[in-house]
Amino acid sequence: MNLAKSKKRVAVIEKQPSVGGGCAHWGTIPSKALRHSVSRLIEYNSNPLFNLKEQRSKLTFPDILNHAGNVISKQVNLRTSFYDRNRIDIFHGEASFVDNHTIKITQPDGTFEHMTAQTIVIATGSRPYHPPKVDFNNDRIYDSDTILKLTHDPRHIIIYGAGVIGCEYASIFRGLGAKVDLVNTRDRLLAFTDAEVSDALSYHFWNSGIVIRHNEELAKVETRSDCVIFHMESGKKMQADCVLFANGRTGNTDKLNLAAIGLEADGRGLLKVDDNYRTQITNIYAVGDVIGYPSLASAAFDQGRIAATAILHGHCPERIISDIPVGIYTIPEISSVGKNEQELTAAKIPYEVGRAQFKHLARAQIAGTEVGSLKILFHIETKEILGIHCFGERASEIIHIGQAIMEQRNGGNNIEYFINTTFNYPTMAEAYRVAALNGLNRLIK
Ligand SMILES: Cc1cc2nc3c(=O)[nH]c(=O)nc-3n(C[C@H](O)[C@H](O)[C@H](O)COP(=O)(O)OP(=O)(O)OC[C@H]3O[C@@H](n4cnc5c(N)ncnc54)[C@H](O)[C@@H]3O)c2cc1C
Ligand SMILES: NC(=O)c1ccc[n+]([C@@H]2O[C@H](COP(=O)([O-])OP(=O)(O)OC[C@H]3O[C@@H](n4cnc5c(N)ncnc54)[C@H](O)[C@@H]3O)[C@@H](O)[C@H]2O)c1
């Protein structure tokens, strides 16, 4: 869009029949739509106003997939209209390099055509990593793409990998009433998050009945006609109706014929780029999941825009913000921006903590969303906000209020902002005032 609006001729090559990418079709949008339905179901069933015990509502996985399908269609229509309005041509087919100005577009029947361009941007995304010892053709074994084709409602599922995808799907399946075994190859959930938040998630998962197994490695998968059995290196065995593998991703570079342009991906299929998202080949850029961290749709939008500016002007002075927020749509939700307590302690930065519990907020009491808290970490001398960690309903929205203050320069980033301003009442935003007062009161005078 950035290039088209600057009067460049732009073509998009997409191997799927419709636009939207993994984000709209298999990743962000479907998982968030599924999560939303489950979260409303839980709310409905736990609210005494609606839930007259004998009328407990029930939804199946295919039911909520249906709803997700409607959201995907809306996203695809919207994105298609953006391309149309900006006169960007879309060519369907699989792209691969012939040389650094020529792309071959191959159709499923083997026919192909060539297209040339001055500049090429690789935005081919990533796909679920498939460990070689697992047969993904078996109909009890799914990854985060194929799970969206599940036609039945599993009673028991093993989720292998307790990263973001594993934890989000654990919430979805547990919310639908399935038994969930969440197998973690590391020693705690979402190790990159603040330890308190990770502990809170573990507690809520445990409390909801999810069985978490840490520090486990898969030895082999045994599939039977009626179940699947997981054999762990530790000697444990687990049995379930099906398995969801959510243990990492691989960049989509293997089909690009990178050798033709002298470019090489790393062992996980990822490409290296500079600050302008340019690869080692001067007219070839790469953005999104194909360059690895942070592998977020949120960041990919910005990377694309920055690369386009660099293509137009030779370089882009803008950089993606260093403190990228994360929103993890588990139930309860998690969101954070900036440093966590472990990082600040390790860096010997003197900080204090201000906390607000949702259960003490009028808005949370009204909405029945009392599980959760907001934590602000700030420098004890400068009062600069160093990190914000939120756990609970709408955490991923709430975080942006604090982020806006954190991003201020020239003294604008100061926790006192939250006590020197008036918040609508009752709101969840009030958590910032409560947390700021709590933290400032802890300072030794
Ligand atoms: C289950 C799940 C949940 C997620 N949730 C979130 C979230 O809540 N928030 C968030 O910010 N991020 C989330 N993500 C990550 C997010 O989806 C990705 O970061 C984002 O989609 C990356 O965008 P992209 O354009 O780089 O790649 P993609 O969206 O994967 O798009 C790449 C496109 O390239 C096409 N393609 C690939 N190879 C070729 C080829 N050779 N020729 C032509 N076309 C090709 C593909 O068909 C695809 O359409 C989630 C991911 C998953 C899997
Ligand atoms: N709410 C969100 O923002 C959201 C939700 C879901 C997914 N995502 C994105 O999707 C990405 C993938 O999530 P995830 O839960 O699958 O994985 P993850 O990034 O948590 O990784 C899980 C494990 O797999 C390993 N691994 C990764 N790639 C590998 C490969 N190619 N070969 C071997 N091992 C590999 C990793 O070292 C790690 O131990 C995340 O990094 C995240 O950015 C974001």
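Cβ coordinates come from backbone N, Cα and C, glycine included.
What TrEMBL records for Lys32, Thr124, Gly125, Ser126, Asp289 is FAD binding site. Residues within less than 8 Å, Cβ to Cβ, of Gly125 (FAD binding site) and separated from it by at least 6 positions along the same chain comprise Gly21, Gly22, Gly251, Asn252, Gly288, Asp289, Val290.
Taken from TrEMBL, the feature NAD(+) binding site covers Gly161, Ala162, Gly163, Val164, Ile165, Gly166, Cys167, Glu168, Gly248. Taking Cβ-Cβ distances under 8 Å and a sequence gap of 6 or more within the same chain, the neighbours of Gly248 (NAD(+) binding site) are Pro128, Tyr129, Gly161, Gly163, Arg268.
Confidence across the domain 'FAD/NAD(P)-binding' (2-304), taken as the mean pLDDT and rounded to a whole number, stands at 96. For 2-304, the entry in TrEMBL reads domain 'FAD/NAD(P)-binding'.
According to TrEMBL, the domain 'Pyridine nucleotide-disulphide oxidoreductase dimerisation' annotation covers 324-435. Counting residue by residue with DSSP, the domain 'Pyridine nucleotide-disulphide oxidoreductase dimerisation' (324-435) contains 37 helix, 31 strand, 44 coil.
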Inset, instruction - Measure from the CA atom of Cys167 (NAD(+) binding site) to the CA atom of Lys32 (FAD binding site) and give the result in Å, rounded to a whole number. - result: 13
Inset, instruction - Indicate the candidate from Gly161, Gly163 with the smallest number of other Cβ atoms within 10 Å of its Cβ, considering only these binding-site residues. - result: Gly163
Legend entry - Three-state secondary structure, Ser126 (FAD binding site) (per DSSP): strand
Inset, instruction - Could you measure between Ser126 (FAD binding site) and Ile165 (NAD(+) binding site) for me? Cα positions, answer in whole angstrom. - result: 14
